[in-house]
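Only one structure is covered here, and it is reproduced in the block below.
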Amino acid sequence: MLKISLKIAYPIILAGVFVIIAFIGFNYENLNINFFVIFLFLIIYIFLFGFATGQNFAVPFKKILQGADDLAKGDLKSRIYIKSNDELGQLAIIFNQIAEDLEQSKSETETTGKSVDIKVKARTQALEEIINALEQKIKNRTLELQRVSDELEKFRRHPKLKESEVIMTKKNPKDSKKESIESEVEEV
């Protein structure tokens with residue numbers, strides 16, 4: 001019966017995830033140099049295989065994390081390029097589709113915003129024109145009312161002008177305005 005004098009437990013971790021533990025037992029009495037060389041190469045192979053496999057998983061994850069971070073910071077042109085047909089490759093394709101959809105949505109929002117801005121400016125300009133026209137009408141009406149008020153004041157001061165104006169208006173309404181204006185100019 002063999003007597004095991006040394007036990008080794010070696011955990012194998014891939015991409016930060018525990019996978020398996022390798023147990024190795026030794027009996028020093030029956031070991032020779034060839035066994036130690038093979039064992040050393042086996043340990044080196046397991047370490048390198050674990051490191052390479054871990055890198056194959058870690059690099060795509062780092063790319064996805066970097067792309068997600070860029071997208072979160074507002075870089076909508078951020079894309080992930082992973083040449084893989086596994087789940088990580090599919091995740092990269094979906095990430096790129098999401099980034100493209102966000103970029104398109106932002107573009108449509110900006111276009112809609114510009115369109116609304118143009119419509120608001122056009123509507124504002126039309127309203128300003130209407131306001132200006134109304135202000136001009138108010139000024140014209142104010143001037144007309146001022147003129148009528150001045151004429152009424154003049155008739156109050158000169159009652160004879162009032163009677164002559166009424167007579168002239170009855171005879172010829174169009175000419176009476178001209179004559180009344182001329183007589184007013186002469187008096188002044």
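From the backbone N, Cα and C atoms, a Cβ is placed for every residue, glycine too.
All annotation found in TrEMBL is predicted automatically rather than curated by experts.
These come from TrEMBL:
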type     : residues : note
COILED   : 124-151  : coiled coil
COMPBIAS : 172-181  : compositional bias 'Basic and acidic residues'
DOMAIN   : 55-107   : domain 'HAMP'
REGION   : 163-188  : region 'Disordered'
TRANSMEM : 7-27     : transmembrane segment
TRANSMEM : 33-53    : transmembrane segment
Overall pLDDT of the coiled coil (124-151), taken as the mean:
93
Which residue counts does DSSP give the domain 'HAMP' (55-107) for helix, strand and coil?
39 helix, 0 strand, 14 coil
